[in-house]
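Scroll down for the structure; my scribbles are underneath it.
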Amino acid sequence: MSLWLPVLSALLISLLGGLYVIGAFRRRRSKEPPLDKGHIPWLGHALDFRNNPVEFLQKMQRKHGDIFTVELGGYYITFVMDPLSFRSIEKEARSKLDASLFNKQFVERAFGYHYLENERKIQEVGNKHLMGDGLVVMMQALMKNLQNLILYSAGTVEDHKKWQQDGLLHYSNNILFRAGYLSLFGNETVKRMGSKEKAEEFDWVHSEELFNEFRKYDSLFPNLVYAMLPLKGKLEAERLKRLFWNVLSFKKIMQKDNVSRWIIDHLQLRQEQGMAEYMQARYMFLLLWGSQGNTGPASFWLLLFLMKHPEALKAVKEEVDKVLQETNQEVKPGGPLINLTRDMLMKTPILDSAVEETLRLASAPVLIRAVMQDMDFKIADGKEYALRKGDRVAIFPYIAVQMDPEIHPEPHRFKYDRFLNPDGTKKADFYKNGKKVKYFTMPWGLGISMCPGRFFAMNEMKQIVFLMLVYFDFELVNAEEDIPPIDQSRWGIGVIHPTHDIQFRYRLRF
Ligand code: HEM
């Protein structure tokens, strides 16, 4: 008996210790937001959240109101659902709410990259090259690559007026990935290939091969970042990571022509900091995924919504034709490529509104901050809540803003002119509870971690639509076919994907 007592006590202590560690004893303290731990210790609501975060969060909001804490796989996450309170999160000091901690874990798991101490240059380099004058240079490269790719895929001049058919998602992903990749990461050199034609051919073949591998990696991505890949998937993800690290190595990139300043500066910064070259390649992979993961699916939704809404397609087409005419350019069989400038793309408010509307419906990231110290957090209605160190604060703008019927009436409908005033200017006045909402759509995130590529991405979407309208007639193969449902596994990551592709056809207009 005397021997059993210490053994039982030790077991009891470890059991209690284990339960403590997984948070079984956590109770809501005074001033804290409502706490909902679910019924499964440690996992909490993780399964419901993973299965359908939209339904889950709407249910929690109905139950608890605009702020609540839920347990998800060992993390306590406080969701803030009231857009009028987002400013408080944005302006909070990094010593209290930090965007980079979660980002670091995500980036390590997805790309194998380990951030340096105090590394926060991603926004600065982005500001320099992905907006303003830097953007003009990148847009020119993109315009050339996009035109070459779409005209190449349309066949020879003899094929003109012959319909080509493809899956719209495959087409958008393929063209945007290859044009984006070549514009950012550069072209094969004439010197190495012997002639311009051979260098171009190499780029076509290489970018197509890389695209196929990228799709494989991207399809594993949601389960990879949620650590839910089975062994086979893990091995495949590892193989793909190695392939990309190899293709994007410092030496290989430096051998290319026309590498964008955005990429060069990121590499130079890391060289100067003495980062090992294998780690730099991992960073390049992060930039490749960041720059290519969302624009293809976003362009898919834009083209699909336009084809499904003839009145929108007509309005955008008239605008595009007018802008082209104003520059005295004409598309002719065998004629030169058109020169699509930044100025031209600044005269397209209808297209801008259609892009904004598409992103409102299709961009659904979850934005996360780590709580770095116990703190008070005031929401818009004046109530103050206590947040605990070690927890997370999250926003899911898709539900909180983009689908809010008060801010956007009939939120599930695509209205191409939702972001236009009656006089044709950009609309930025949206209201909730009689108050103006600053963040009325948030496809790019918030504050310090906001997407640095947003201007480049919008230009990509506008360029592809502009060029498709100028060069092609295009339509859905079956105009009656429904818009495909949403792939539930992609919520929270960025632009949502459809569960399956939809066929469309296109042919040269001239
Ligand atoms: C429709 C296309 C795109 C969408 C919807 C999108 C959206 C986003 C979002 C929501 C984030 C995270 C923001 C946060 O956590 O607060 C992000 C991060 C990022 N995006 Fe984009 N993005 C797009 C295209 C691009 C492009 C074209 C580039 C580069 C040329 C790019 C580069 C990046 C980078 C480097 C980050 C990481 C920023 C950081 O860690 O601070 N994105 N993007």
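The first residue you see is number 1, and the count goes up from there.
Using N, Cα and C of the backbone, Cβ positions are placed for all residues, glycine too.
Note that this is a predicted model, so its numbers are computed, not measured.
As annotated by TrEMBL, transmembrane segment applies to 6-25 (among others).
Of all the Cβ atoms in the protein chains shown, 14 others lie within 10 Å of the Cβ of Arg109 (substrate binding site). Under the heading substrate binding site, TrEMBL lists Arg109, Asn294, Arg392.
Annotation source TrEMBL lists transmembrane segment at 283-307 (among others).
Other Cβ atoms within 10 Å of the Cβ of Cys451 (heme binding site) number 20 in total over all chains. Residues or ranges marked as heme binding site in TrEMBL: Cys451.
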Among Arg109, Asn294, Arg392, listed as contacts of substrate, what is the widest Cα spread in Å, to the nearest whole number?
-> 25
Here the Cα-Cα span from Arg392 (substrate binding site) to Cys451 (heme binding site), rounded to a whole number of angstrom, reaches 20
Cα-Cα separation of Cys451 (heme binding site) and Asn294 (substrate binding site), in Å?
-> 11
Least buried of the binding-site residues Asn294, Arg392, going by other Cβ atoms within 10 Å?
-> Arg392
Ligand 1: which of the binding-site residues Arg109, Asn294, Arg392 have a Cβ closer than 6 angstroms to it?
-> Asn294
So, in DSSP terms, is Arg392 (substrate binding site) helix, strand, or coil?
-> strand
